[in-house]
Amino acid sequence: MLIFQAFIQSPGETFLNLGFLTIRWYGFLISVSVIIGLFVSKKLAKARNINPLYISEILPSLIIFSIIGARAYYVIFEWRQYSGENLFTSLELFNNTIQIPSFLAVWEGGIAIHGGLIGGLLSIIYFCKSKNIHLKTFIDILIPSIILGQSIGRWGNFFNNEAFGVPTNLPWKLFIPIQNRPLEFINYEFFHPTFLYESLWNFLIFILLIFVFNKQNKTDFFRPGFISCLYLISYSFGRFWIEGLRTDPLCIGGLPPFCSGGIRMAQFISIFLFSSGLIGIFFLRLRTYSCKNRKNG
């Protein structure tokens, strides 16, 4: 009897070692996401008769605020990892080793997408007000690139051996080195590749959003803001399920891996965002009907 056995294994966190400078996969993937996102957003901006240069203008502040928000969100809920003996970490730069506060070491992993969304949204709101751009239309232009960036960025978790799920023996199981396993699962070798689940789910959302974007000017059903609401609904739906598999959740009133006695923060936020998306679509439809009634009246 032939038994198929296979598993996924990270080759390591280093993408390129130049001797004087080490480039990690996490940073490389973020850079790739930014470049692709810039290209996609400019294309979508042209389709809505919005100056593509606005995308280039907002990019620096969007990146900075998103990273700050994502890191701050994670550090706040995982402060025990960045305090006491872990307050500082080593950074090799030009053949020198320096000590920096560990909460600044974003390249080592430890960011939360919900925090990044909050930071990015604040940047977008300020930019749209300063440029007098329609907020909902501009967010609809950026959202497809954001979810595509999330899809690409999730692979950073793979290379860092982090954000994996509970033990499994499925054919697509992920091997995790013993030093990266939670104490509760120290004797298990294979885990759910939740990074892969979320990456694939996010890419499907990207395709859906692009489809809706191309239909947006052809029907009143997809008003400005619809794509943003659809993103909140679809992403939150998938994230809620995937989060339930993970062994490293940010917890409220509990401890990983199962947040016993508490709740998983990402699932709580997902419920809120899912509901917000539904409410948003309801009001968009209500406004559409109101406009039609005024025209017919």
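Placed from the backbone N, Cα and C atoms, the Cβ positions cover glycine too.
As the structure is a computational prediction, the values presented were derived from the model and not from experiment.
So that you can see what the record holds, here are the features copied from Swiss-Prot:
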- 20-40: transmembrane segment (TRANSMEM)
- 50-70: transmembrane segment (TRANSMEM)
- 105-125: transmembrane segment (TRANSMEM)
- 133-153: transmembrane segment (TRANSMEM)
- 193-213: transmembrane segment (TRANSMEM)
- 225-245: transmembrane segment (TRANSMEM)
- 266-286: transmembrane segment (TRANSMEM)
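Beyond the transmembrane segment (225-245), the same-chain residues lying 6 or more positions past its ends with a Cβ under 8 Å from any Cβ of the stretch are 136, 139-140, 143-144, 146-147, 150, 165-166, 192, 194, 197-198, 201-202, 205, 208-209, 212-213, 216, 264, 266-267, 269-271, 273-274, 276-278, 280-281, 284. Only residues 6 or more beyond the boundaries of the transmembrane segment (20-40), in the same chain, are considered here, and those with a CB under 8 A from a CB of the stretch are 13-14, 55-56, 59, 63, 92-95, 106-109, 144-146, 148-149, 152-153, 155-156, 159-160.
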